[in-house]
Amino acid sequence: MTTPSGDAVPYPQLIVDLGAIRRNYARLQTMTSGTEVAAVVKADAYGLGAAAVAPVLLHAGARHFFVANAHEGAVVRSAVGNDAEIFVLHGYWPADARVIARSSLSPVINTAEQLGNWLAGPAGPYALHFDTGMNRLGVPMSELRTVADIAARRAPELIMSHFACADEPGHALNATQIERFSAVRDAFPGVRTSLANSAGCLLDRAAHGDLVRPGIALYGGAPRATEVSPFESAATIETPILQIRAARSGGTAGYGATWSADSDRTLAIVALGYADGMFRAAQQGGYGRIGDVKVPIAGRVSMDLITLDVTAAGDAAKAGETVRFLGPDLDAFAAASGTLAYEVLTRLGPRLERVYT
Ligand SMILES: *Cc1c(COP(=O)(O)O)cnc(C)c1O
């Protein structure tokens, strides 16, 4: 990272690989052959920036987008124009009526009451979400008939449900949810169906429906935490080394002196910390890279700084040199942090300058 004049830039950047997102979208189309691939861009496209990411997915072929709430929907509408439908997962709330109208959003209706309010009010296109076993959002199966009767006034565009255990292909709940959903399908003949998130896309066809709803796969995280991701990571942090120091054998590093040198080591201090979304827990097993060389975190992650043991990088480790995090190590970094790529991506802080390539 340098200025045009060659000066090193002392700020961390988040490099978002839009080409990788496009390829991941195409990959999902191939994997779910013939099924329409929608794009889940909630939480600012999993932290990567919905305003930049959504148009790329539109050009890749996505015509249906999912966001969590109406304010996210308004951002996506500005980004994609009028050629796509934007579904709001958190339901219909009359307080959102204006933003929904202004941005032509379609609520994902989760309760009979919401359906009544929607049909008595805006009454535009909507999706109906049924809870088939996750006990999270969605109409309970016991209200299928009641809700189908209310929906007779205006059919939904889409009926959907969400898997609790799609990342565990052998889990019995997957088959149970598919079977319960077939009763929903029977109650809404001719209405398009949607079941699968990213992990569901890796299950067989019965788990897909007419439209799949991948999120994490688009950004390259592993849908199954126990397996290597078949998708390309779209997020790499680049940050410069601010200072190099020599740690004598027995010396310690960082708050609490939790790390100590078992031999003479070279340490690098980089401009990145938990204020940028790096987890404090990442000190056990988290690493960055200088070129291809892995450089492990040494001691506690602090707010704005991380100390790395860069001994293995030799002369390449010098002030101003770029250290990369995430990228192909996204899932490994998440595992070292005791979490998933989902949480790593959505916590990436606002201080990281988003750079789109
Ligand atoms: C977040 C979400 C998705 C996308 O999930 P991924 O695991 O990221 O693919 C799909 N459907 C619903 C209802 C969601 O809340």
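Note: Cβ is positioned from N, Cα and C throughout, glycine not excepted.
Features as listed in TrEMBL:
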{"type": "ACT_SITE", "residues": "Lys42", "note": "active site, proton acceptor"}
{"type": "ACT_SITE", "residues": "Tyr255", "note": "active site, proton acceptor"}
{"type": "BINDING", "residues": "Arg136, Met303", "note": "substrate binding site"}
{"type": "DOMAIN", "residues": "234-357", "note": "domain 'Alanine racemase C-terminal'"}
{"type": "MOD_RES", "residues": "Lys42", "note": "N6-(pyridoxal phosphate)lysine"}
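Feature annotations (TrEMBL) mapped to structure.
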{"residue": "Lys42", "record": "active site, proton acceptor", "DSSP (3 states)": "helix"}
{"residue": "Arg136", "record": "substrate binding site", "DSSP (3 states)": "coil"}
{"residue": "Tyr255", "record": "active site, proton acceptor", "DSSP (3 states)": "helix"}
{"residue": "Met303", "record": "substrate binding site", "DSSP (3 states)": "coil"}
Within the domain 'Alanine racemase C-terminal' (234-357), how many residues are helix, strand or coil going by DSSP?
-> 32 helix, 47 strand, 45 coil
For Lys42 (active site, proton acceptor), the closest of the recorded positions by C-alpha position, picking from Arg136, Tyr255, Met303, is Arg136
Determine, to the nearest whole angstrom, how far the Cα atom of Met303 (substrate binding site) is from the Cα atom of Tyr255 (active site, proton acceptor).
-> 11
State the Cα to Cα distance, in Å, between Arg136 (substrate binding site) and Tyr255 (active site, proton acceptor), rounded to an integer.
-> 40
On the 0 to 100 scale, where does the mean pLDDT of the domain 'Alanine racemase C-terminal' (234-357) fall?
-> 97
